[in-house]
Every structure is written in structure tokens, then in C-alpha cells.
């Protein structure tokens, strides 16, 4: 293993990646470069720096990067242009963050002349796939270290023992049985897996949820919200333009307040098993509903249906970790092409878990033609007799077949 | 037009079809057979008989049929097996009723030796297409009379004048400007179109909704609900087995009480225009959520994804009126084949517009394997090292391409 | 009909469009502008000018345009980037020409301030749809005159009588029973329909085919051919770069000589009926085979599969006349995006109806990696053990399901 | 490794599987059961028995099964119902045989109470995946031994040394450098890979092909052929009904004689690399062409298009080894459902590599309606005016969008 001299570790500063850091130093005798990303997960990142320094990492080998704007602008928003949902329910909050982390990690290998990367994802989940497909797609000769697939610290007890033996600070919660859930958070969502959730016939505990109040605890007063879109992307809330990550943060705040965006799901992992996850995606839930609404008046029918037909495939690509694959990029060109006309505003009502579209319009791109749609006299804008021929020819093949049967 | 001797009219007893009845008698000199279906729209049907008799229809030419069980069992439930949604939102409440009406209408043409059928749908909407594709598909030589595409009574004033001239009773509401909305109801939903809704930037009025209370007005106490499925179909609620149409009626009652299932939508009609509709589908909204949940633990991943990929196409077929077309039937065989294992129960929580899945299980068909899914020690049920090879080979094509670029 | 002052007629100079010209002058009292396109159909076009002048058309109202390069470069080649085939067999030779004719015809309405366009396609075929969808898509207020759907000259006899009465020159063949087939030709193909072909159980006559010799009559000596591609488009033949339309003409010559590209097909028209057509597409048949071959070494697997999945839909769009529709354009962006790496050469062997790929390579973009593909020792380029994990995880969902069954 | 007592080996009697047999006895100390299938590969199978006996296999542990009829009837024909082609060219001759071998091998593990199966496929190819997905799907607890992924005999030299050391007879060709190609044969095809073919810019040698003459060497006289289909399956040739495997053998003989069915391809393997293969599929090439032709007059347009849209996915499933997966089965129900009406005959002409459809008809299920299709007077069977309305409504969305742009 002596051929790896420098390794870039995706480092949160938590117990697991702290143990990994030490293990890399010991096992690989490698110089470790730590990379900690701010994706809006809502944690202080400076403690990670302190811990890294304490673990002997050189200051120039500690990367703490604020990726929030890039995350929302170049990953979350493009994904929402497709109204992306995995398996009918999941908004892909974890999946969409992994390609950015992988990208930055590879950039750092180039900056610091490292041969390897390392992540703390387990061998059972999707994240290892998402990270590593990103690594390999962006730097084909990269060496990947996935400790959970390599080491013998597979039980929590062994991990704690290793930490204590090596002087790694262990928070009280870990000593008391560990976090009740495996969690992941970023500006799009927070997820919960494991422990009490592992039996899908157990109801999730109210105390688990962190970002949203329950619908019951949400305000009794509904709140209206105006969202404006340009080329399919949200650009302002209630008339106030903001940076992409600020917009999503604002939607999270509003959604969280109104009990919006909780999800309890059994999903199919790429590695072949079913797993149960709970998710809070307050801002994303609002955004999806609004995006569909603005598309409903600005997008051509067949274009909308083409998008709907391709969406599950696009969602699976992201879920499975193929963001950097050429087929995802090809689909993205199609999706982005369709969003040129997706301009206008949507009015929503938020109330106790509900996101209700109440109106929508586009000054420049509305394809809704009141003259044609009206049930009242349309002054000849639409000739009802045309429908007769339309139906006759659409029915022709069925009539020929039906005649044959008799 | 003397070649049409007998015509079967889809007859509600309302103003429009009453005028049509008279117009058929005058214009076509035809014997009119009236057909009124009980699809659970919640209206008394006997008044239709009285009106038909009064209009001179012979008793043996008056058909009033209770189709509720057939409707839910053979149309609604098969559609829900596919988790069918049109354009991301619409549960197809109107679309799914039309094929059954068309079928029964054609059956009656055969029973009564009629050459023609007639419906009261306008030349601008989807319903004319759905009716007529059904007619032609089931009886290729049928003659179709679509008065709204033929006559000159295109304005409400002319219609009223014709009614009064011909002694057709006109309800007060029609004299006072007509119903505020164009509505359609059956056990699956009630829809609203036209008038105040024709401007998609207008918010719908609270007074419009008939089947559901607003989330605000719904009980402050959540209600739990246990639904049991067999082969993808709902079979009991809270442990009580019921006929299909009773189950849906019960879900409607529960959903309506809790403010569930309202939708405000701009949709794309098959005839080429966008239109704005509001829908209440309380039971269907609950059913869709529960069906997805029971599938989540009983359906194979790739089967589920195949269904998701095909669903928008299947939804368009139903929306556009192709229920009786061979491609819909071919898709149905696939969908039905997948539902053999969709057996189990789902627990839901209903609260102020929210349908929340809280747990699900299947005694016989759960593919959720706790031993494999667990983040804790799995005793070797899953070998984490396998994931390394899995990722390597999935990444291979990307690595080769990436190497080439450099 | 006096509101149409000027109409642009798609005019070939043949009998049908000559009668139409006169009929427009009489029936619509309109000034007729004739438009004749050179799409490489292999006919002299100047006679059309003489006939138009003789029919009283002003010189400035006669448009004879050489559209060959635009046709191949902007229509044929983009379509071949998708390996487009309709219903498994048909290379869309007629379909792909119609959008260009429609586009130019609309341009001329703008140049000459005309309100209407007119074409000579019948009311039974696809071409009327293709023309008119193009017209409406490019100029929504255009008035369309489709004589075959309007006039009473539906039989050949009436047409001839009209021609003679109005002094329109009628070629001998028409007097002797008319052309044996309805034909359409351009640089991509020539098609035959009608008459002897109307019974699909009749074999086509050898004498019908015009562009290709029969395989039997083709040379006994095979001919090798080197084709070079850039970004998915053919750019040179046997090392000689040519303009797009010259390349296709050259392939037609070679294919015709070797008996390549005949097709005898029953196809499904958009208007609802089946029809039998025979087609000669010598150059296109060669091009399709070569394009697939160059893609086979330069295109990523998943991108290739995505294209294959979408191809039938794209083909139907073109067949049905939706070239100018936004969904076709959206698909085109995807297709074009995939062709960036489709660079290299293909060696073919032409022999008596066969197009045989014998070799292919790309200096810049080959994804074929001999080191990895070899069955001999690969020096560790590929780790066979990886396949074990790959298979295990891909099999996992099937194993869990299979275990449940037992 | 002592936990494996009995292992069922897919055994051809050739060098590789003979070495594997010995290696299993030595390495695993296991009782070996040999399984040799007759899939119509055209080799004597009794020598395999003799070799197995000589290697010490007990007579009751030697299985030599004639699977030809099952292969064609239950695997090849169902696949051809879908007009299945992988990557636009490949008829899946190898892929479709693997699931049957896996099935029988698992059956034998049950008959002989074995815990493990073993195959001789390499770790680089698709066949290992196809075998093992079959094994796991049919018996989830099966142990799989894949020697090529385990042992150290990775070079030909080591393999030969092992054989000689262990008294395994080695044919002269192996000593002289080995077979020039890696081949696989069954009733559907013979394939060639490796060696001279590993460079895709090399032309394949004429001497390589075994089943077909070259088009040049084929008879100068064309041969006509009548094929009859029932429910999508071939049932007779030139009026003679035969068993499924006899039909395919007959087509192979005819195709081989006329130089039909050679293919030279670069394909994408499931394990992530491109590989170059040459294939001879004489009968299959004829069958595919004929099946499409009989479908062309008996299948509804939208059903045909649905099949075309799904075919590439179905082909990939088979290519990748998912025959026994539930999504393949679900697709099969759809495909089989569509074939009820695929009854009739097709007349073909075979000539020097060409398969030419010359006519087709169905007494019972032809949807071709000459009265409607004719360009001559149809006596009102089709009302051309209907096309106007059909086009107008199909164009409506494009007109609205186009108007907006101006």
C-alpha cells in the first residue's frame, strides 16, 4: 500500500471520519488532506479544522469550502428543471450532493498532487457508488479507499475502541449508544436511516424530525407566497431576487415553519436491497410544486410529456450516482432546452403540511389561450367541427380492427 | 338524416341533455333511448326517468343503470394499479368514467337495435373524444351524433330559448346565469371548469368545492387508517372488507372530512389547448399514496421502475380516451402481471389535507430484508466487499472515456 | 373566398399541380405564386417555369430553388444522427423533405405578402399532415388550401377532363391510364405507392424500380468504400471531402449500382390506415449502416442505448410531420449533443444488395480498449474478481425475491 | 472450501471445462456432476460422456440433455416475438441460450442434492453474468464457482501445463496456439471473438465463417420461401409444419446456403467494455425479417410502436442476463398479449445475403384495408375532409406557441 503517498479524505470532523483519518495515517502511511464542504448542512465547520490540525494535518492540507451556491445553482436547480422524483416520492436530497463533493475532492487531488481519495460511506449504501462513480468519471486513474469495505472495524464497539486507543475525542452521544439515526443534511434536505426505522412497520418518532414542525404544530394561519421563475429556475420570492442558495434556504425556512416536506419511504437502493428512509425536504417540496405549476402554462404539451416520460430514468441516473456520466449530460441538454420558455410566477399557499397552488401566470410565455379555452362563445377562435375529423381519424385503426373481429 | 331510426342518448336529465333529447326527436325524427348511469355522482336518478317519460320516451327505452361496482372494480382499480397520474397531478377522475359509459351505451344500441349514439360533450373538450373512441372501438359502424358540433345552439341564450319554446323545464339557476362551473362527478372525483376558473391567475373560490372541507376547516385531530391490499387492489379499510365501490365511497368520506384531495391545475387537452380545472379526489388521493406504499415493500425494483417509466404513457392513453384501444390493453396485461405480489397493509394518517404514510408491511410478500438492510452487523448476509467490484465495473466505461479525454 | 388574394403553391409542373394552379385561379380568384424545389429528385425544373409562365404566372411569382444542400445538411444528416428508422424498416425519405418544402413555402408567403399556401397532397396520406403542420408551426395565421380535400375532381377522369377543358397540357402517359405508381423522389429516396402495389400479397414488379439495379443485375465484383465521419455526419468518401448533397448523391450512385436499398413495406400512416409502399434509398441505406458502425466504437454504451430507446419516438415525430414541433427540437438537442465524439472512419463492402461493415476506427475517439477487451493476459488492466461483486449485487434483489418464494 | 460436497459443472468436454473438472476435484475435493446440453451446436456429445467417465465421474452424475426443442420454443421464439435486436444489429444468439443452461443446471443441483454450480465463462465477458443471474434467480442459496475469476491459470500456457500434468487430453490445435477464435454455437447462431478480431480495424477473414457461405459463393439463383406464423411464432416452411427446433434448423440451412446472416460488430458488454464479435445467424436473420412483415399487416399501429419503444430495453435485459428477472417476465406478458393476432404468411426471396420480403397476407387478421388505402375512388370508405380537422387540432398547440412568439 506504499504506493499511495497522499490521499484526500472527505472529512466531516465526526467520529467516523476522524477514525478513518487516523486509520489512513496508520494503515497507508499516507499524508492525509482533509476536505470539508459547506453544503448548507447547518453545522459549524471550523471545529473540523481544529480537529484536523490536532490530528496532525498540515494547515495547507485542510480544505474547508463553501459550496452552497454552486450546489444549488449547478446541481439542485438543474435537477428540479426535470421535476425529478425517484420512485414517485423521493426528492434526491442526498444523491444530488454527492457528485459535487466528488468533483471538489478530485480537484483537490490535482491541487495537492494526491493519488487517492477516501470517503466514509458504508459498503451497503448508495453513497459509496455515487462518490466513486464521480471519482472515476472525473479522474480515471484515481485510487479509491473505502475503509468500510476494507477494515475490520465493522461494529460500533470496535470503532469506539479504536478511537479511544488513538486519542480521538468521542462525543457523549456515541458512548451512549450512538446517534439514534444515520443522518445526512444539506441545503436540499436532511435524511434519517437506520435504528428505529429499520422496521418499516414502525411509525417514525415525532422527536426524530429536525427541520420541520409537524403539521399539527404549524401555524393555524396559512401563508401566501409568490415565486418567480426564469428559464425554469427560481429567481425571486415575494418579489425579492436572491442568490440560488439563499432562495432555497428561504424556502426551507418557510416550509419548515409550515410543516411541509416530510417523507417516510421504503426505497430501492442501487446495490440491490430495499431500505427505509425518512426525509425532510421543505424547500424542495415547495419548489417542485411551483415548478410544475409554472411549466403547466408555459410548456408545450408534447414537450411536457416527453419530460415526464424521461424523468424516472433521469431520476434513477442521479439516484444511482451517474451525474457525471454522458447519458445524464445528454438528458440535461434536452431538459435545459425545454426551459427557455419557463418564465413567470406562481402563487402558493402554505398551510400545515400543504403546498397549494392557487394561481400562476406568465407575461411573456403563457400558452394558455383564454379565447380558445372558454366554454363561452369564442368568436370562431376554435372550430368545433374540426374535432369530428380529429376523432374519426384517430379512431380509424380501431374501427378497422373492430370490423375484422365481427 | 332519415337513416337513423333509433339513437341511444347519454342522458343526465339536466338542461343540456334535455334539450338534446328534444332536438334529436325534431332534427333526426329518431326514436330516442335514454341511458342514465349511476357512477356514484351523488344525484337522484329517478327524476331523470320522470323527465324522460315526460319527453315522450317509452318506458322500455329508458335505461337507468347502477354501474358503481363495475366502475370501481374494472376501471378505477385497474388504473390505480399503475399509480396513474396525468401531467404529474391529475388523477383522471373524468377520463376513467367515459369508457364505461361508452361501453354501456353501445350495449344498449345492440339491445334496442339502434344505429346511433349521442352525447352532450362539447367540441372543445376531451370527453367527446373519449366517448367516441369508445363507441367506434366497440362498434365500428356506429353513427355518432354530437349536437354541440352540429347545431346552432352554441350560446346559453339560444339554448334557453330553445328549451322554453319546447316546454323543457329550466331550473332557476340556469335562468340566473347558469351554473358557475361546468362540473362532472362520479365515485372517483368531482371536477370544476369554466367561468371564474378560466383565468388561471384567479384563485379558486372556497365556495366552489363540494366534496371536501378546506384543510383549515378539517378536524384538529388526525385520524389513522389501515388499508389492506390484495393483488394491488384495496380490499378492506380498518379490517372491514367491502365491495370495491363501497371502499372508494368510504375513502371519499374520510378524505372529504380531512380536507384531502383538492387540486387546481392547468392541463393540456388532447384537442390541443390548455385548460384550467379544479378537482376533488379525496378517496383517490388516499388510495394512490397507499398503493405506492404497499408496492414499495412488495414490488421488485426494476419492475417498479418499468411501471414508473410506462405510467405517463398509460395515463395519456386514458386521458386521451384510448381505454378500449389494444395498446392500453397490452399495457394493462403488463401492469396486472406485476400486481400478483402486491399484498399487505398500509397505515396512514389523515390530517388537514395531508395523507401521511406511517407504516406498511406484508406478511407474505415483503421484499424488505432487515438482515441485509441493517447498518448494524448483519452476520455476513451482505458482503460489503462485493460493492467494490460492482462499482468498478459500472464505472469502467466512464473511466475508459475519461482516460481518452486526457 | 375573396379574402385570399395571394397563394403560394407547391408546384411541380406535373398534371396535378397544373390543374390545381388553374383551379386556384378560377375558384379563389387568387394570384398564384409557384414554388418548385430542387431536392435532387432528378427532374429538370425549367419546364416548370415555362408551364407556369404559360399559365399566366408573373415571372416574379415563380420561385425555383435549389435546396439540395440545405436538405441534406439540415434535414437528412440530423435525422441520420439518430439512426432513424420508422417501424423497423423505413428510412423516411419522403417525410424528411416535407418540412423543408413547408419552410420555404412559408418564407415565400412572407416575401410575396401572400395569405395562403396550397399543396397537392391527397386527404388520405401523410404528406398533407407534414406540409400543414409545418405551415401552421411556422406561420400560425396561414390559410391552407388542400384541393384534394375540397374539390370534386376526385377521379382521374374528372381531373383529365378539367385539364383538357382548360388547355392544360396532358402527357401521353396520363391519357393511357396514368402513371403506374404514385411516386415521390428526392436525394434521399424514391417511393412507389398505389396501383399494382395496393394488394400487399402482390410481389412488386422488377420494372418498377428506377434508382437501383436488382441485386441479381449488380456487379459480380464487390466494391470497398471508406467513409469518414465528423460529429456524426459523413464528411468524405474514399478520402474525398464533398458537400453534404454531393456525398449523398455519390452514395446513391454507388448503392444504386450495387443493388442496395430496396424496401417493400406495409406501413402505418398517421391518418389511421395501413398502406403498402416500395422505396429505394441506396445512399441512405449505406449511410445508416456506416453511422451505426462509427457510433459502435465512439459512443458510450448508455448514451447509445438512450438513443436507441428514443429513436422510434423521434422517427414517429418525423413520419407524422412534427419536424418543426418543440418536442422534435428538444430531442434533436439531445441527439446532437451525443455526436460530439462520433468521429472516425468506417470501411464497407458493397456487393449485390449487401452493405457489409468490415472495419472501423477512430484516431481521436475510440472507446474500444484492446488491453481491456483481450481474452489474453491483460496485465491487470481489468480485475476479473470485480465481476464477482458486480454480479452478486445485481443478483441481490432476485435472490431476496427467490428466497421469499420458498 | 470443504462445505461444497457436490457441484454441477456446465461441461462441454473441451479443454477448458476438462481442466476445470479436474481443478474442482482437486481444489474443492468435491464430487463433480457434469452437465452437457445439446442446443443444436452441431457437435457430438457422446465424447463428452467418455471424457467425463475417464475423469472419474460416476455414470449417474453425467447429464447429457437434448434441449433443442425447449430452447427454440421457450426461449428463441418468445424473444423473436419482440423483434429483438441488441444495439441495432445483434440477434442475441449467445445471450438467449444461457438462461436455459442455468435453469437446467439448477434443476440438476436439486436432483443430485448439490450445493454449487460451476461454469467456464471468463471474468471479462457477459456469459458469467448471464449464468450467475440465472443461478441466483432460480436458487438463491446456490454457491457459484467461477474458476476464471478464482484460479491462477489465467494464461493459455499455464492451462496447458496443468492439463498435461493431470493427464487431460489436449487436442493438437491447442498445442499449436489454440483455436483462432473464441466460439459459441447453438441453433440460433455461432459467434466468434478474440484473437484476429480484437482489433476492430481488421477485416474478418473469410476462412473464419463456418455456417454460411459468403454472398459471393452463394447460388446465382434466388430461392423463394413461404413462412407461416401463428400467434407470432413460425409454424411451417413452404407449407410443411415442423417442430420449433426443426423450423429453425431448416432456416439455418437455407440461410447458410444463401450467404445470409453474417454480422461484424463492435458491441457494448454489460461489464463495461466494448468488444468486437462476428456472428452468423442465418435462420434468425430470416425469421426476424419475416416476423416484422407478418406484424406489418396484422398488428395495430400503436401496439407495434409500443413494442418498438420497449424492444431495446427488452433486448438489453436479455443481453445482460435478466431472462429470469421479474421485469423481463412482465415485458413478456405484454409482448405475448400482442401476438394473438399475428397470424398469416410471408413470402421471402433469398439471394446472396439478401432476405427480401416480396408479399405477405393474413386470411384472418389482416388490418390492411384496400378500400380505405386506395388512391382510387374509395366510394366513401374514408372521408378526406376529416383530415382537415385532424390536422387543425394536431397543429393547435403549435399555432398557439407560434402566435406567442410574434
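Using N, Cα and C of the backbone, Cβ positions are placed for all residues, glycine too.
Residues annotated as domain 'Arginosuccinate synthase-like N-terminal' in TrEMBL: C:6-168. Residues annotated as ATP binding site in TrEMBL: C:10, C:11, C:12, C:13, C:14, C:15, C:16, C:17, C:18, C:37, C:120. Annotated L-citrulline binding site per TrEMBL: C:90, C:95, C:126, C:130, C:182, C:191, C:267, C:279, in sequence order. Annotated L-aspartate binding site per TrEMBL: C:122, C:126, C:127, in sequence order. The annotation domain 'Arginosuccinate synthase C-terminal' is assigned in TrEMBL to C:181-400.
Those same-chain residues not listed among C:122, C:126, C:127 yet with C-beta within 8 angstroms of the centroid of the L-aspartate site C-beta atoms are C:121, C:124, C:125, C:128, C:129, C:130, C:271. Mean per-residue pLDDT, taken over the domain 'Arginosuccinate synthase-like N-terminal' (C:6-168), amounts to 96. Rounded to a whole number, the C-alpha distance linking residue C:95 (L-citrulline binding site) with residue C:14 (ATP binding site) is 20 angstrom. Closeness to chain D is evaluated for the binding-site residues C:95, C:120, C:122, C:182, C:267 by Cβ distance, with values under 8 Å counted; counted residues in sequence order are C:122, C:182, C:267. A straight line from the CA of residue C:12 (ATP binding site) to the CA of residue C:267 (L-citrulline binding site) spans 26 Å.
A simple Cβ count within 10 Å picks out one of the binding-site residues C:18, C:122 as the most packed, and that one is C:18. DSSP gives residue C:95 (L-citrulline binding site) a coil state; it is part of no helix or strand. Cβ neighbour density within 10 Å is lowest for C:90 among the binding-site residues C:90, C:279. Classification of residue C:191 (L-citrulline binding site) by DSSP places it within a strand.
Comparing CA positions across the binding-site residues C:14, C:16, C:191, C:267, the one lying closest to residue C:122 (L-aspartate binding site) turns out to be C:16. The record assigns C:10, C:11, C:12, C:13, C:14, C:15, C:16, C:17, C:18, C:37, C:120 to the ATP binding site, and the maximum Cα to Cα distance across that set is 17 Å.
Within the set C:90, C:95, C:126, C:130, C:182, C:191, C:267, C:279 that the record links to L-citrulline, no two Cα atoms are more than 19 Å apart, and one pair reaches that distance. Non-local neighbourhood of residue C:126 (L-citrulline binding site): C:94, C:95, C:269, C:270, C:271, C:319, C:320, C:321, each in the same chain, at least six residues away, with C-beta under 8 Å from its C-beta. Rounded to a whole number, the C-alpha distance linking residue C:14 (ATP binding site) with residue C:182 (L-citrulline binding site) is 12 angstrom.
Cα to Cα, residue C:120 (ATP binding site) and residue C:127 (L-aspartate binding site) are separated by 9 Å. Around the Cβ of residue C:10 (ATP binding site), the number of neighbouring Cβ atoms within 10 Å comes to 23. For residue C:191 (L-citrulline binding site), applying a Cβ distance below 8 Å and a minimum sequence separation of six or more within one chain yields C:93, C:94, C:183, C:184, C:185, C:277, C:278, C:279, C:280. In terms of local Cβ density within 10 Å, C:120 ranks first among the binding-site residues C:14, C:120. Applying an 8 A CB threshold to same-chain residues 6+ apart, the list for residue C:182 (L-citrulline binding site) reads C:192, C:193, C:194, C:195. Sequence-distant contacts (6 or more apart, same chain, Cβ under 8 Å) of residue C:130 (L-citrulline binding site) comprise C:95, C:98, C:99, C:102, C:320, C:321, C:323.
Least packed by the Cβ count within 10 Å, out of the binding-site residues C:12, C:95, is C:12. Using a 10 Å Cβ-Cβ cutoff, residue C:127 (L-aspartate binding site) registers 20 neighbours.
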